[in-house]
């Protein structure tokens with residue numbers, strides 16, 4: 001006689017699970033704050049732009065080193081400036097701002113689940129857990145990167161769209177319009193290109209009301225674009241920037257023309273969707289799920305994101321963050337409590353074991369692998385802990401839940417933060433170099449930097465004046481005519497090659513060395529090499 005298996009389930013309550021989300025989020029946030037400085041170049045660029053806007057009181061358009069940034073838009077910087085005006089200048093307040101947006105995205109994901117499936121408490125309880133347990137979300141959602149804000153505004157717009165559709169309340173189109181406007185002011189026209197396909201694909205998920213969604217959706221888009229164009233026209237007339245650049249159209253066309261190979265995008269998608277893509281039980285659950293209109297909406301939304309982000313060349317790991325909420329809703333909807341086989345979790349276990357082994361083996365062989373010295377300081381205990389955690393998951397495979405995998409993702413993130421990132425601080429921490437530059441500027445010394453400066457030294461050094469961008473011998477002669485004691489920042493493979501005492505400061509930086517020396521010494525090196533360009537010898 002076949003025995004019926006009955007699962008004794010705890011009742012899902014949003015309040016109880018919200019406490020769990022916030023607790024895990026706080027652990028990740030504090031672990032990040034105390035394990036690493038600002039990340040070059042994403043966080044240092046953001047903080048550098050905010051710092052320069054703060055000094056200049058010219059808040060209309062983002063700029064760094066007195067160069068307008070046509071791929072950036074003002075809203076997030078305005079918010080950061082507002083926080084600084086209220087609480088003072090600090091990198092801590094910038095981290096808190098980004099963390100608030102990442103936490104809010106968790107609640108917006110739960111709200112979307114509630115609106116799509118009001119009678120399924122487990123979906124709104126589990127969807128944020130899927131988000132938290134996704135490896136790259138835990139890495140980037142605790143950092144001040146643009147796509148954390150992008151994802152928040154996207155979820156805000158999607159929630160208002162769901163509200164209009166599921167509850168037939170046209171008043172919420174106002175909220176959708178406001179969300180679109182905020183997204184445009186935050187990320188430019190790319191935000192609209194990401195949202196619009198969901199509207200245009202309405203016949204696939206709103207079979208009865210797609211015409212209404214078309215009409216009001218287009219009206220909302222036009223109104224949001226109107227507000228965005230008003231700002232762009234103001235920028236163009238006030239700052240002398242072309243309307244083309246103010247709207248970011250040059251950046252969008254450049255993105256179309258610089259699409260990476262397809263295999264790179266696919267690989268990044270696989271990394272982004274870890275560990276859920278490797279949990280084999282998910283594929284059986286997807287096959288058996290009831291494909292109601294709400295589920296079709298989320299699938300269409302997810303697939304449109306994958307396609308549009310690929311077309312727009314937004315294929316870096318942080319640029320794929322907007323995929324997470326839709327993917328989390330899919331996983332949370334198809335999941336139900338049941339047994340997993342050891343085979344179901346085997347790919348996850350293999351991956352975790354490999355990461356653990358690498359964290360043990362590489363530090364002992366860093367010299368043979370020609371890796372930086374800090375790699376040898378990584379403790380093998382972090383790798384051993386990951387391996388033990390993985391083995392526990394394998395032997396407890398039958399009880400694998402979303403919570404289990406979420407905690408596993410959190411454990412991997414903590415191991416990477418404390419085991420690797422914290423040890424590697426000297427490899428990318430720019431605060432010492434920033435302090436040195438600040439000292440030079442306090443003495444009135446002009447400092448030069450190679451072309452294409454990315455603003456990574458502005459905030460860490462709290463620089464009061466721009467760095468001169470130098471690309472040629474002519475540029476060097478110009479800054480020497482202004483200040484004969486001018487200094488030059490360079491990035492070299494080996495600082496020891498300058499063994500005649502001309503280097504005044506050096507530090508490791510991202511596999512190379514950041515050095516500071518007199519501009520006159522750099523000019524002499526160019527003359528000796530018979531070169532006119534810095535790039536030719538450095």
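Placement of Cβ uses the backbone N, Cα and C atoms for every residue, glycine included.
Looking up the ranges 213-242, 423-452 in TrEMBL, the one annotated as transmembrane segment turns out to be 213-242. In TrEMBL, the feature transmembrane segment is placed on 96-117, out of the ranges 52-73, 74-95, 96-117. Sequence-distant contacts of the transmembrane segment (348-366) (same chain, at least 6 residues past either end, Cβ-Cβ under 8 Å): 274-275, 278-279, 372-373, 375-380, 382-387, 389-391, 393-394, 405, 408, 412, 415, 419-420. Recorded stretches compared: 17-35, 96-117, 147-165, 295-313, 378-395; the one with the most Cβ pairs under 8 Å to the transmembrane segment (171-201) is 147-165. Residues of the same chain lying 6 or more positions beyond the ends of the transmembrane segment (213-242) and with a Cβ under 8 Å from any Cβ of it are 60-61, 68, 70, 74, 161, 164-165, 170, 173, 176-177, 180-181, 183-185, 189, 192, 196, 199-200, 202, 206.
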